[in-house]
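For 9-267, the entry in Swiss-Prot reads domain 'CoA carboxyltransferase N-terminal'. The feature zinc finger is assigned by Swiss-Prot to 13-34. The annotation Zn(2+) binding site is assigned in Swiss-Prot to CYS13, CYS16, CYS31, CYS34 on the grounds of sequence analysis.
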Amino acid sequence: MSHYPASGTWQACPKCGRHVHQRQWGTYQQCPYCHYWQRLTTAQRLEQLVDEGSFQPLTMTERPVNQLGFPDYMNKLRRAQRQTGLNEAVVCGTALIEQQPCILAVMDSHFMMGTLNTAVTRRLLHASEQARAQRLPLIIVTASGGARMQEGVYALVGMNLILAELARLAATPLPLITVLTDPTMGGVSASFAFKGDLIIAEAGAKIGFAGARVIQQTLPVKLPADFQTADQLFKNGMVDAVVERPQLRSTLGQALVNYGIGRSAHG
């Protein structure tokens, strides 16, 4: 195993273990040796997806609350906020992608694994409500380990609240596009990740419910090598397309053109 750190000037690739200089990862954060894709921060994802200067955050005041009195939860939250510069695991706003307007929500797995809680739920609800109010397509980029255990049933209720709001969105002509990135697991994959009119999986993404290790500890089965991969889901008809990271922006832009909602609603 490499002695190189997980971050810094030189970094060990999590997949192949080779030593990669930060410049070698490139704009799209891909290992030059094994082509492993690094997980992106929200800032990196926005930089790659939206037209320069077009992203305008929605006004959101929701903050996480320790309703269950879970030990050390608030300390973990503050630590995640310091490390990421975010106040929660999703950022939502209006944006242009290839000059096409949309409402965009981007989850960040660096913030407590992008887990779904009451604050993230309210932000996603607000994003969908704004899509309906402004008559814009909604794009959700998922990157999550599932529901946040520190908020227990309150986090699980969020799954149904989001599904109910997306049902209201589905009753309009407005499209929902979901982009499943690594990881998309647990309660997020079990709820809204697969509700898109168009479901795109980023190449190399791990997508599923329970992890492979948990499944193998529970059931005496040998899982296939491509288990819970974007390619496997595409092969089985669970996603509409698998797209390499450098092509995501143009793919989304073309999809928005094809739907023709944003420009027709906004001139």
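Backbone N, Cα and C define each Cβ position, glycine as well.
Here the structure is a predicted model, which means the values were calculated and not measured.
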*Excluding CYS13, CYS16, CYS31, CYS34, please set out which residues of the same chain place their CB within 8 Å of the center of the CB atoms of the Zn(2+) site, keeping sequence order.*
PRO14, LYS15, GLY17, ARG18, VAL20, PRO32, TYR33, HIS35, TYR36
*Integer average pLDDT (0 to 100) for the domain 'CoA carboxyltransferase N-terminal' (9-267)*: 94
_Neighbouring C-beta atoms (10 Å sphere around the C-beta of CYS13 (Zn(2+) binding site))_ = 21
*Which residues in the same chain, at least 6 apart in sequence, have a Cβ under 8 Å from the Cβ of CYS31 (Zn(2+) binding site)?*
CYS13, LYS15, CYS16, ARG18, VAL20, TRP25, TRP37, GLN38
_Per DSSP, what is the helix/strand/coil residue tally across the zinc finger (13-34)?_
4 helix, 4 strand, 14 coil
*CYS16 (Zn(2+) binding site) CB neighbourhood, other CB atoms within 10 A*: 13
